[in-house]
């Protein structure tokens, strides 16, 4: 009923979104369906007939999978029929979808609301499968002779599909019962962790179709077995920062941990390692080849990169500081770039990072009918909701460290009014009277890596050099720029040396929701309850940087 003259019965200009009817897509043998879904929107995909896989992981028949903020492809070896429909609107950190649009505005005109979708007949999947079979032959030989399995290093420019190839090779390996160790050396994206981390994970089970690599342990049920990543924090976007002086020692420490795992686990030793690298290392920038050489030494596409790799490494003996010398030879193989590789702009990558951080603290907001079916839940859909614990901490009680490396692409202003007292401006050189000789001595002392056997023969290795580790303790009062950023809690003591803090693995992450400089307190979110462990904490100021809107 409507009141005369008020026109209350008229429909609102913001009409409720009405999804289009489901669309059936038939794929012929050896073809794939490529699709892009914006953040804030979702599509549902169901396999009606035949067989299909997403980055090597098979889709279960008659199960509905939900995708959001994804650029992916579903491939079929023998032909299949897919049903694609529109999903619910997914809330993001800022309430907006990709490109500043809300859920409905970001929907495209493709099947199910995809921004882009099409079927491709020509794919490089046969090449990738041949690589898998070649690796399997090497693994069988390693098992028969007692040697280490193949160590695969994937190199290529940005947006070339390196991570997709790593997923495919990992999925195929687990499908035949292998247990590869996957190493992510790209701090731009997290693997089973937040951005700004270098991780290594032993994959014993299948990967999650909807979540990519899968999920790390959490206090709740999981349809797919969780993975246990070893995490190191590298709070810089570019591995070439400070000429790799921070990146290389962390890579060495990660390689040492991986080598130790392989020495104790026969299954992973026979299967080998798959290493995914940052695309910037293949851009030909100064220092890139030195870091690639360091990665090859520790762990083991353009024409110029391919030629350089062939010249420097093809059929050369392996030389690893963390592994025993052998007569193994390095083989360089060039793979075709998939036509489905698309550029990911800065806005999309920002949404990817925010989504990974939000998922770490609050769980996956995407409702999944496939997960509900696999977990035999009573509900038709399910999504993993986590409840982080909020608490206030005295900043004086924390040992927070920050990397003091000037950004290579911007002149960052380090000024923060809360860091200065009323009379600090008038002291010689801006020095604080509270800083005694001990503080000055600690800042000027050089620390070197104490890891035996790592980088001992490389003169340019920062771990063995005499230069100081660029880690500085953040002194009270708490800087206002600490708000909306991540803190990495390490496994080392709060008074450890900068080299030990740099080389320490990560226990977990805190999100700083608010800073009260006057009271000397900060409000943080923690993934678990209880007191924050008394450990050294590294501030992710430069990377992943500020994440606004995670909490209200």
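Glycine too: its Cβ is placed from the backbone N, Cα and C atoms.
Database features, via Swiss-Prot:
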type     : residues                             : note
BINDING  : 32, 71, 159, 160, 161, 162, 163, 164 : ATP binding site
REGION   : 409-471                              : region 'Disordered'
COMPBIAS : 432-444                              : compositional bias 'Basic and acidic residues'
COMPBIAS : 459-468                              : compositional bias 'Low complexity'
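Of all Cβ atoms in the protein chains displayed, 24 besides its own lie within 10 Å of the Cβ of residue 162 (ATP binding site). In the three-state DSSP scheme, residue 162 (ATP binding site) is classed as helix.
Within 10 Å of the C-beta of residue 161 (ATP binding site) there are 24 other C-beta atoms, taking all protein chains into account. Secondary structure at residue 71 (ATP binding site), taken from DSSP and collapsed to helix, strand or coil, is strand. Note on residue 32 (ATP binding site): other Cβ atoms within 10 Å of its Cβ, all shown chains, come to 24. There are 21 other CB atoms within 10 A of the CB of residue 71 (ATP binding site), with all protein chains counted. The ATP site in the record is lined by 32, 71, 159, 160, 161, 162, 163, 164, and its two most distant CA atoms lie 19 Å apart. Within the same chain, residues at least 6 positions away in sequence whose Cβ sits under 8 Å from that of residue 159 (ATP binding site) are 279, 341, 342, 343, 344.
Most Cβ neighbours within 10 Å among the binding-site residues 163, 164: this distinction goes to 164.
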